[in-house]
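Scroll down for the structure; my scribbles are underneath it.
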Amino acid sequence: MTNEAWETLSDQAATVCGVVYFLALLSYSAQWASLRKLPADETPQSGQVAVWGRFGLLLTGLGCAVHLVSLVGRGMAADPNRVPWGNMYEFVLSSSFVVVLAFLVFYRKYRLDWLSLWVVGLVWITLMVAMILLHDRVAPLAESLSSPWLVIHVSAAVLATGIFTLGGLVSILFLIKERQEKRIAVREAELVPVGGGGDVAAAQAVPRTGILARVPSSKSLDRLAYRLHAFAFPVWTFAVLIAGPIWAQVAWSRYWGWDAKEVWAFITWVVYAAYLHARVTAGWKGRNAAIVALIGFVTLLFNFIGINYFFGGGSKHSYAEDAPAVVQVISAAELTSQL
Amino acid sequence: MAAPDLGFVEMMRWAWRQLTSMRTALILLLLLALAAIPGSVVPQSDVDAMRANNWKADHPDLTPIYEKLGLFSVYDSVWFSAIYLLLVVSLVGCILPRLRVYWRGFRAAPPKAPRNLTRLPDSDSYLTDAPTDEVLERAAEVLRKRRFRVVVADGAVSAERGYLREAGNLVFHGALLVVLAGVAMGSLMGYQGGVIVWKDGSFSNNLTQYDDFKAGRFVGVEDLDPFRFTVDDFDVEWIDDPTNPRYGMARKFVAGIRYTEKPGAEEKSYDLRVNHPLSVDGTDVFLIGHGYAPVITVRDGEGEIVSSGPVPFLPEDQATFTSFGVVKASGATPQIGLEGMLYPTYSGDPNNLGSVFGSLGNPLISMQAYVGDLGLASGSQSVYVLDKTNMKLLGGTTENLFRVDLCPAKIDGEENARCETSTVELPDGAGSVTFEDIKPWVRVQISQTPGKMVALGGMIAALAGLLASLFIRPRRMWVRARREDDGSTVVEVAALDRSSGGEVGEEIVEVVAALKGETVKEEL
């Protein structure tokens, strides 16, 4: 197959992938539209609702496979063949793949059926944005990117970004669920003087309906969000504070130079470190910790999008070209005075 | 958190406790993140001096304020340093007492079983016929196998596991201090300098040879390793396929160099490439840029050569390598200065001067000539800037605009057949300019970064500690066996998670199954 054929295959696969995810989204929407009206502790294992759910999962799996084809095609289309992490489009394609893959891998273990609608929706939107706004042709890498460290550094960054995204999604759900739980608690407390104890018990006994009722308790959401972040944080540490500096030392002669991208990777690291601390600090647990995690996610996104768009020329990490050699010239007299 | 009315010592103790509290550490972390932001918005002098200077020129009103606030060197500024130093103090103040606690806890036996195990949130109980001793013995064995530290006392088994979590946590925080030490070593004892060397040119590691140089406080002249090298060759591949999205991009730069590690040492050769630095005795040599150096000869009115040799031009556009340069002939009276552009592949349209490609397809210089005083006597000046205050533009009227528009007689030593004339006479009998040749240059970065391995080692240790502190799940378990009056034995099992995200329910189920499994078997 020629490089052009691979590139076409990749683009077509991405399009098919978008369609499949959209169909999965429709199936899940149909499933949830019906589930919404049922009591939360009653999940039909057969019948229309169950079929929609299974169909959605099947489509998600299929979409994930096509997603992989698109990534592989991207790598094969480059000359020489390489990992598909050469520009923003490829990075988004890869990170969103990690999100779907991680969701499918942990689907059984953490019983993530309640997350399906949100994950597929998020990934579908991300993919659409990537295809419409970020799409770029397969291009040879800038010289300084041609290094084995590209594989090590960027794969870790892609993996961490994907898992942080899932973690952020769960944190948002946590905030919503926690709010709802508080409201319910308040409502029940108000019921006590009016109706007496019997009614409260009755109110609690009646299973609730609605989408939120099917989302696990805020306590389990918090734990799941923590696990995702706790997995992604060391990976991010490796990507930006070990692999990145080693590569920067080899390519740019310094392991840390406060380049705009480095600054924001550091900020992201510090904010997620703050999240891990907040989770064990009195007064910060729960709601505040989740907000810190979401701030971390915003810095992650900003580093990815903001730096490339607003600081493109100023960052050595702009994908397109090597930054021009900066020449700062001073006279010999000044040189000696610096020693 | 208002300070109570206290004496000085109590006051200090109170301040210390506040500083080392987790809440303070958390706020300092968020502050550190916030404080790092300006450094990515305002150009930093240390990172990109040219952009910083351009910014200053564009914002004359803001510059003095920003300078006072240290916004052009955020990461050296007082306020940024204050935040991270407070964070370091807070960190040390936090881990020292924890080290002591950890040491004691590490040697201590698992705590005694609480009186009522079934009151713990995660617990289970069952009845068996086995005698209490047997149950406890079995429980101790099961828990030991699950890598618990086990003590049997007062009819109960106490077990604890996961001591390494706190160790990992302490290693992580301690290792961050090691990383800081490594970084500090680099900035105090390291140096970094850049130099442009053209083909056939050479460099010896000597302060006067650098174009720019930045050194730590403890670096002396004697710390520069006495190596030297000569650039023999420079190869580059241009993407000239117009359908390629990166048309015009240069890649596969290779500078063939010959080097000697010290005077008198054996000469070796090396292909210097991006991502493949040359390491000489702890000093690293990097290839980080390239460009062109026209070889220009300037003669004065009498025909005497007053300036000759390669003059590096600085690329202003990576796509076409249109470059800017200055020639200073200080030997002439009056002095002669040239300033203008180099077009590596001249488009051929005199009304629209420009380069269409980065390679040396059809080189052309287009410069303006000045005579007068170059201002060299008044102090240091950049070789890339022409000080025109005391210079007069030759043929300086719009109708009679004089330009030095020349093609080179040779391109990298080879005859340039396309070029008809490579010499031009300056107006007013000021002299002449000849474009002899054009050579590639490479920009080489030379740096010594002591402590980089310390920083790397520290960071790897920090990661290892982090993994331990995140994934080791410390927990305590207790098993109590009590003989009832009817001869049966009540076995209670309880567990307590001591991390902040673990579930112990599963472990209880497994332990109970293991305990039951064995006793059931014995009955059969």
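Cβ from N, Cα, C; glycine included.
What TrEMBL records for A:12-30 (among others) is transmembrane segment.
Marked as transmembrane segment by TrEMBL: A:51-69 (among others). Same-chain residues lying 6+ beyond the ends of the transmembrane segment (A:51-69) with a Cβ under 8 Å from its Cβ atoms: 9-10, 13-14, 16-17, 20-21, 23-25, 27-28, 30-31, 34, 93, 96-97, 100-101, 103-104, 107, 113, 116, 119-120.
Taken from TrEMBL, the feature domain 'Cytochrome c assembly protein' covers A:85-309.
Only residues 6 or more beyond the boundaries of the transmembrane segment (A:89-107), in the same chain, are considered here, and those with a CB under 8 A from a CB of the stretch are 14, 57, 60-61, 63-64, 67-68, 70-71, 74, 113, 115-116, 119-120, 122-123, 126-127, 129-131, 134-136, 154, 158-159, 161-163, 165-166, 304. Taken from TrEMBL, the feature transmembrane segment covers A:89-107 (among others).
The feature transmembrane segment is assigned by TrEMBL to A:114-134 (among others).
TrEMBL lists A:154-176 (among others) with the feature transmembrane segment.
Look at TrEMBL and you will find A:224-248 (among others) tagged as transmembrane segment.
Annotation source TrEMBL lists transmembrane segment at A:263-282 (among others).
Nonlocal intrachain contacts for the transmembrane segment (A:289-311), taken as residues 6+ away from its ends with a CB within less than 8 angstroms of a stretch CB, comprise 88, 91, 161, 164-165, 167-168, 171-172, 174-175, 178, 222, 225, 229, 260-261, 264-265, 267-268, 271-272, 274-275, 278-279, 317-319. Summarising the annotation, TrEMBL assigns transmembrane segment to A:289-311 (among others).
If you count C-beta pairs under 8 angstroms between the transmembrane segment (A:114-134) and each of A:12-30, A:154-176, A:224-248, the highest count goes to A:12-30.
Within the same chain, residues 110, 147, 149-150, 152-154, 156-157, 159-160, 163-164, 166-167, 170-171, 174, 216, 254-257, 262, 265-266, 268-269, 272-273, 275-276, 279, 290, 293 sit at least 6 positions outside the transmembrane segment (A:224-248) and bring their C-beta atoms closer than 8 Å to a C-beta of that stretch. Tertiary neighbourhood of the transmembrane segment (A:154-176): same-chain residues 83, 85, 91, 94-99, 101-103, 115, 118-119, 122, 212, 215, 218, 221-222, 224-225, 228-229, 231-233, 235-236, 238-240, 243, 272, 287, 290-291, 293-294, 296-297, 300, 304, selected by CB-CB distance under 8 Å and a gap of 6+ residues from either end.
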